[in-house]
Every structure is written in C-alpha cells, then in structure tokens.
Amino acid sequence: MTDYVERVYHSVVKKNRGELEFHQAVKEVLESLKPVFEKSGTFEKQKVLERLVEPERQIIFRVPWVDDNGEIQVNRGFRVQFNSAIGPYKGGLRFHPSVYIGIIKFLGFEQIFKNSLTGLPMGGGKGGSDFNPKGKSDFEVMRFCQSFMTELYRHIGARVDVPAGDIGVGGREIGYLYGQYKKITQTFEGVLTGKGIEYGGSLVRPEATGYGATYFAEEMLKVKNETFKDKIVAISGSGNVAQYAIQKVNQLGGKVVTASDSSGYIYDPDGIIGEKYEFFLDLKQIQRGRIKEYADKFGVEYFANKRPWEHKVDIAMPCATQNEIDASDAQKLIDNGVIAVAEGANMPTTLEATNLFLEAGVAFAPGKAANAGGVATSGLEMAQNNQIIAWTREEVDNRLHNIMIGIHNASYQASKDYGKPGNYVLGANIAGFLKVAKAMMAQGHW
Ligand SMILES: NC(=O)C1=CN([C@@H]2O[C@H](COP(=O)(O)OP(=O)(O)OC[C@H]3O[C@@H](n4cnc5c(N)ncnc54)[C@H](OP(=O)(O)O)[C@@H]3O)[C@@H](O)[C@H]2O)C=CC1
Ligand SMILES: O=C(O)CCC(=O)C(=O)O
C-alpha cells in the first residue's frame, strides 16, 4: 500500500475497534486504489479517503416489541448513512442475529462503490437489526417491523434515504415496514424498494440480484470465449439471490448442482431444474423450510454443516453471506478447475481467497460489481415511482441486463487502464471510486 493508503487504513482500524468485517472491506478497496493515488496527489490533498471511510451519519436505536407469548423483546436497530455525494442514501436492511455495527458498516461502505457502478444517482447506506426472523410468526415479524419503522421513519424519505431488503428482509418485511411508514407519515412515496407489485414495486426486482450476477458472469465468460452452456455451477445459499441465480443459469443452459443454507448443502449431480426447482422455490419461499428437505425428497446427497465448494465445477457463485469462501475452499475450487467466480453475496470471499483466484487466473467478479443488479433495479423502481408509471417485465429486464453489461465493461476498462487487465476487483473499485471522489471534491469540504 502507498503511505497514504496505509495511514488511512491504520486509522480506520484504530477508530473502529473490533469491526473486523468493516476493516476487511476497507482494506480491499484501499489496496485496489493504490495506482490511483500513485497517478495523482489530488485525492490525498483533498483528504478524500479520510472522508470516505467515515460515515456521514450512524443511527443506532432500540427496537422493543411483544412476542406471541406476551413477552417484551428488545432488539437493536441500525442505519448507517455512509455517503450521499452522488444521490440519496440507498441500501438494504439486514435482519440477522449476527448483525452489529461492523457488519452494517462493511455493507454500507461496499454500497457506495456498488451504487456508483450502476450509473444511477444513488449514494451508499445500509441498516438492519440483530432480530432473527427465523421461527417467528407473521404477527411477530409484523410487530417487530412496525417498531423498527417507528424510529427509522424520521431518518428516511424518497429523496433522503431509501432502504430495501437484504438477508432476512424480503417482500413480507418490506410490506410491514412500508405500512408503518405510511401510517406515521401519511405519505405514499417510494421510500422503500422491493415493494409488492400492487403498491409501487417493480417487476423483476425480486429476480434482479441473482439475474444480474449471472449476466455479469456471462460477460466474463464471453471475454474467455465461453458461455454458460453445459457448465457445471456451484451455488451457495437458497434465499433470494441464490433462487434467481439458479433460475437464470438454468435458462442459459448451465447446470446448478448445489444449494445451501446455514445448516448444510445439497449436491444434485443432475441439476436443480424443472420440477425439482419448483419444489426448491416453494420450500424456501412459501414453506420457509430447510434445504435438507430437498435431499430427503429427491434422494440426493446432503452435507450437514459444510460448504458447497468441494466438487468439480466450472463456475462458483457464492450467494449466501460474507466470508463463506476461505483460502482452503478457493484452493479446492482452483484444483478442481474452476474458471469463473461471481459473487452474488456481499464479500463472500476472504481477501486471501480472492488473491488465490486472481493469481490462478480465474475470472473473479467482486460482489460490488456482480451483485449490483439488485440495487440497480431498486433504482429503476425509484424511477418508476417518481414518474408514477410501471414498466413491463421485459423493459425492466432489458435495462437490468444493459446495466450489468455496462458495469462489466467499466470494470474491465478500468482494470486495463490501470495495468491489470481482467482484474475486476481493481477495476470495479477504481471505477466506483472515481465518480464518488469527483462528486465529493466538487461539493466542497464536508
Ligand atoms: N437481496 C438482494 O437484493 C441482495 C442481496 N445481496 C447479498 O446476497 C446475500 C444473500 O442475500 P439474500 O439472498 O437476499 O438473503 P436471504 O435471507 O434471502 O437468504 C440468505 C441465504 O444465505 C444463507 N445464510 C445466511 N447466513 C448464513 C451463514 N452465516 N452461513 C451460511 N449460510 C447463511 C441463508 O440460510 P439460512 O436460511 O439457514 O439462514 C439463506 O439460504 C447477502 O450477502 C446479501 O447481502 C447483495 C445484493 C442485493
Ligand atoms: O436494493 C437495494 O437498495 C439494496 C440491495 C442491497 O442491499 C445490496 O446491494 O447489498
């Protein structure tokens, strides 16, 4: 790292003690930006990095609610409004017991560059709670969401900050949150995205992150004169992103052989397709069941408490959570001949594992580029809400597809311009950074 980058990184570690995921996200970005600072001293003079790593605002609040037994429960809520240089804060809400400020800050920091890459005017933010929706009744989830929004509403707005879903927050939660916002403010506006289609949601938003990651992977494969046709694909997770990555890979002629949840993974050598895919979707979307039930139903192998990176596959798409591919997983994938990795999740690959992929010449798409289709389509939902119109499925999907091609090309071009053609980590970070940095400098010192 240059002295400047090193100084900023060390001050981040010192000021944000114990926030390991945030340190990791900052380190990855700063290392990539080294060649930018070697070329120009302006950013250092303007203290752009020092400003960029400090959120504009962090809101932490109490979320009390009553469970079905009449017991009072207390959770902690977060919204980190990280950077508004290029638009209103934008980014999802995560409800998961592991949530603490370090996770929300890593996600919010990533979101700044991701949103910039989409080409749409959206700043970076993220929020959530340590609430665990798993095993809760619909009424419990509703009461929690209402309490969460009773504080959050005063900090957000269609032109201020527009939250959406992430882990543990899907259509059901967005509906309850939206209802409470509307009740308190008496305003029907596009303050959340991922809304139901009946009340201002966009077609293709549920599919967008998984589809987008697959479109990005398709572009990387094109550079290698390859396609998805007949490729064997390992996917992790079985939530929103994984569900639609599997669907799109199937449509493009690939074969997805794994899916997982936090209890383990299934391996189906014939592919999660057709009637089996319909069962999988129902299991996860409607029954809220466990992936093991797929193995029980179709007689395929189930591996409890393991990650799905140990088979021979051509392409890997981690779509569950952070740090789910470590160095030994990466080495296994490389030894088994993987040619491309596209991150549907946020920061699913450790820094060590990322470097192994890059050194091995694997086409590697970092999450902030590959999974940007979700937030991009949220941007399209905002555009439709602002104009009070609703585009067709085809219109939204075409726009999403073009945005993903654009992100691929911008990342590839930046990787070339800065001397590392095909290094999408470097390219995405630089392309995302330059726009935000220029906007920050144009708007004075704050
Ligand atoms: N939804 C979106 O539009 C976007 C999501 N992302 C990222 O994609 C990833 C998945 O999000 P999404 O699909 O929306 O979330 P969901 O809540 O719909 O699904 C999450 C999936 O990941 C699994 N999972 C969660 N935590 C762990 C863990 N610690 N270990 C193993 N598996 C785990 C879950 O299993 P279980 O049910 O057992 O917990 C579930 O299968 C996240 O990293 C998210 O930040 C990125 C861009 C946009
Ligand atoms: O759609 C959005 O606003 C945010 C999606 C998200 O949370 C993400 O990109 O990680």
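Backbone N, Cα and C atoms are what each Cβ position is placed from, and that goes for glycine too.
Quantities reported herein were computed from a predicted structural model and do not represent experimental measurements.
For the substrate site, TrEMBL gives Lys90, Gln111, Lys114, Gly165; the one candidate out of Ser263, Ser328, Ser378 that the record lists there too is Ser378. Proximity to Asp166 (site 'Important for catalysis'), judged by a C-alpha distance within 10 Å, picks out Asn240 from the binding-site residues Lys90, Gln111, Lys114, Asn240, Ser378.
Proximity to Lys90 (substrate binding site), defined by a C-alpha to C-alpha distance within 10 angstroms, is shown by the following recorded positions from Lys126, Thr209, Asn240: Lys126.
Proximity to ligand 1 (Cβ under 6 Å from any of its atoms) holds for these recorded positions out of Lys114, Asp166, Asn240: Asp166, Asn240. Within 10 Å of the C-beta atom of Asn240 (NAD(+) binding site) sit 26 other C-beta atoms, taking all shown protein chains into account.
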